[in-house]
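Working notes, beginning with the structure itself.
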Amino acid sequence: QINFVACQLFALLAAFWFRIYLSPSHASSAVRHAFATLFGIYFAVFCFGWYSIHLFILVMMNYGIMNMASIPNIHRYSFVVAMGYLTLCHISRIYIFHYGILTTDFSGPLMIITQKITTLACQLHDGIGRQAEELTPEQNRLAVKSRPSLLEYLSYLLNFMSIIAGPCSNYKDYIAFIEGRHVHMKLLEVNWKQKGYDRLPDPSPTGAVVYKLCITLVSLILFLTLTKNFPMAYIIDNEFLDKTPFLSRLGYLYVVTQAAKPKYYFAWTLADAVNNAAGYGFSGVDERGTFRWDLLSNLNIWNIETATSFKMYIENWNIQTAAWLKRVCYDRAPWYPTALTFILSALWHGIYPGYYFTFLTGILITLAARAIRNNCRHYFLSSVPLKIAYDVVTWAVTQLAVCYTVAPFVMLAVEPTIKFYKSVYFHMHILSILVLLLLPIRPQTHSVRRAQSQTMLNSIKSK
């Protein structure tokens, strides 16, 4: 943990230096690629020692696949090799280290690299192996038209800004950043003459970085004061279970889940700030004319804490991983996309049994929540008081459902997970099954996702 924080703080300083002294106007793309790669390799070796060899092995294996595999199969081979290697490393953690967390746990960076490898392979397949009319608007925009060079490939996968804690970004966005087109492309989407500008503005990320560093500091304080004082293991303590009523146990479950969040808020927000400090992450201008630096943001804390649906919560938690799952699995799955996406998410996280309890429970609750929303929500939109009441109830149920779902993710093993679910009488599982049995499943307007994509495209054109 000390190595992680030290590397990220050093990366933050290096990012400022990179943006000022190695900006596209001062250095060539090759120099920027080389600097980002060499510093990334140094950070990996510093943090993980000889375990970092796993990162480099996976990167070079998939570089060979990218150059030798046929385009129609490149995404399949890359996916199987990357996920297979990642899974083998996860197995070593559970069987060799007996549920312990390594002091030099390299699995986090390996998970990010796996995301990047499979993202690039799918986008390369879209750009070379498929026709434009076969792609969704997003796939068309992100499609890669030619194989990257070795330097570009290494820079994308191993750059110092994201090698430690991510996030995963799209290859075209990263290359545009290195070549100095990243911000310019987003600014061209706005008519600046109507806003009184004679030329394009030059947005600075300093304000966004300072704001995110403040969030990071608050998260660190909360982590040091709350997380260790409210351990998740206490909810299955025998004395606690014997003396605490059911509703009080649910309340404490919410408290310990809240206490577990700050470390994720800290790591992801700091990683976002590092990328912004380097000048990467500009996403455009909002309706108020404010420059936005959230292209790589991994969470929206306000939307998480005020989520009124399971879907809304998931969409704002680990945003870049959700985007990766959508691009490599959900949009490409021939059947059962929701179930396959949850299963891939569990496999990507590791092979601890608790992960699978969480994600399989998540499938059930997601389907039940969707059924309730489709069948009931419209009854509560007729008046403001009804809508407020609906939002309050759905907020409370969503927060408790998330706590119920993620508890095994923290516990990891089978025995404490079963003990926990027994202590709360499997109530969310039972309620979800009853909902699915009693409420009709309303089919989507367009059952075929190609039709969905065409509708989206027509909507974009009309706007």
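Every residue gets a Cβ built from N, Cα and C, even glycine.
Just so you know, TrEMBL annotations are computer predictions that nobody has curated.
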Problem set entry | Annotated transmembrane segment segment (source TrEMBL; candidates 2-26, 77-101) | 77-101
For this session: Take the transmembrane segment (392-412) and find every residue of the same chain, 6 or more past its ends, with a Cβ under 8 Å from one of its Cβ atoms.
Result: 99, 232-233, 235-236, 250, 253-254, 257, 260, 306-310, 312-313, 349, 352-355, 357-358, 361-362, 365, 369, 420-421, 424, 427-428
Exercise. When each of 39-65, 208-226, 333-349, 424-441 is checked against the transmembrane segment (355-372) for Cβ pairs under 8 Å, which one has the most?
Worked result: 424-441
